[in-house]
Amino acid sequence: MMRALFAGVSGLQAHQKKMDVIGNNIANVNTVAYKASRVTFSDVLSQTLSKATAANSDSGVGGTNPKQIGLGVGVASIDMLMTDGGTESTGNTTDLSLEGDGFFIVRNGVTGSYMFTRAGDFTVDEKGNLVTSDGMNVYGWSSYSTNAEGDYEFDTDNEVEAINIYADAYNGNKKILSAQATENVVFSGSLDSSEEAIEDIDDDTEPQYTTSMTVYDSLGNEHELTVNYIKSDTNTWDCYVTYDSGETDTEGDAILTRVDIGELQFDEYGDIVEDDTSYPTTQVLTITPTTGATDLEITLDFTNLSTGADDSSVEAGEIDGYSSGTLEDISIDSNGIIMGVYSNGSQQPLGMIGIAQFANSSGLQKTGSGYYSATANSGQFTNGVSANGAISSGTLEMSNVDLSYEFSQMITTQRGFQANSTLITTADEMLETLINMKR
């Protein structure tokens, strides 16, 4: 009978713990990126009154099952449910949500332990640090290179570091983008093959088509260049460049400098002939600015040109170089790359947000304020990128608490608590009856 009392007490304690967890889940129904917890029960070791016996074929006596009395219930586990919560659109660039497995890496200062969070309500402080709502630094990478395709590649094999969008050791002052001289211009389009060829071409011959563009010197000054095209034979076009020499004539008009850059040869199908000796499709143009900037050496690439029956249409499709600019805005893509948008129209990477991955994310320990710490059962984090957790800017992950589930669990927990209370009351009445037998 005493076993029944203790079993009832264990039931009260277990259901009380479960109600505590349910209450905490419901309280955090609107907490950013909160992960709900779940309680599971298991029975306590049973007392064995008699062991099982085997059947005896010689005596014809059958086997018997063990006789055991359970000693109550206990909490088997309190598990975090790591399913994704829904997303809420905020429109704030530095509000970030993660899809799939992964955690943002944060740390309080440069000497504290790494912490991890799914709550991406970040801001930029007055020094340019990307920080959490309570001032912890968000970690990632700053050093990057540009591959052959022009894509940015961050050194994610390096250890993570605090992200600062204003300045870092690799890029210096990122609030001001220094001017970069133009080095490459890639042309694309088509020249009209129906144009009549001009036999006697001299400096006064009017071009049949022109392409104008703006290039920049090392000081960020603009220079207007014009590429001029004259058809000299059936499949041949003469090209020359004109630009402002910085001098004027007696009437005050700008004197243009002319630089011949050779012939472009096309085959019978309209494709350009690539012959580095006779008809090179790339030419290096050297310009000496009058602004005090260093000489401009610009590679003009005509490889993508062709001829056709349509009107001529040639553009400087790809052109580098820019004037100086100041940081005006930022954007964050799905890979976590933070791009700076500058007043000169240029964009430059300012950093990349790191994502922590764990062998067992359910083994993390909650430390409050939406943070988690690594444990022996979660394993240590590995530096990752968004392959296991795509980043969405302008959104926040909501709590994954399911109120309908929590309310149903609350009802069954309450009934379980009531049932165990009745068990204790009934066992007490039986004990009272037993004690009264002596009277």
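Each Cβ is built from the backbone N, Cα and C atoms, and glycine gets one as well.
Per TrEMBL, domain 'Flagellar basal body rod protein N-terminal' is recorded for 8-35. Helix, strand and coil counts from DSSP across the domain 'Flagellar basal body rod protein N-terminal' (8-35) read 20 helix, 0 strand, 8 coil.
The helix, strand and coil residue counts that DSSP assigns across the domain 'Flagellar hook protein FlgE/F/G-like D1' (98-162) are 0 helix, 30 strand, 35 coil. Annotation comment: TrEMBL describes 98-162 as domain 'Flagellar hook protein FlgE/F/G-like D1'.
The domain 'Flagellar hook protein FlgE D2' annotation in TrEMBL covers 196-322.
When the domain 'Flagellar basal-body/hook protein C-terminal' (393-437) is classified with DSSP, helix, strand and coil residues number 34 helix, 4 strand, 7 coil. According to TrEMBL, the feature domain 'Flagellar basal-body/hook protein C-terminal' maps to 393-437.
Of the candidate ranges 8-35, 98-162, 196-322, 8-35 has the most C-beta pairs within less than 8 angstroms of the domain 'Flagellar basal-body/hook protein C-terminal' (393-437). Below 8 angstroms of C-beta separation, residues 41, 44, 71-75, 78, 80-82, 85, 97, 117-121, 370, 396-401, 403, 406, 409-410, 413-414, 416-417, 419-421, 423-424, 427 of the same chain, each at least six residues beyond the ends of the domain 'Flagellar basal body rod protein N-terminal' (8-35), sit close to that stretch.
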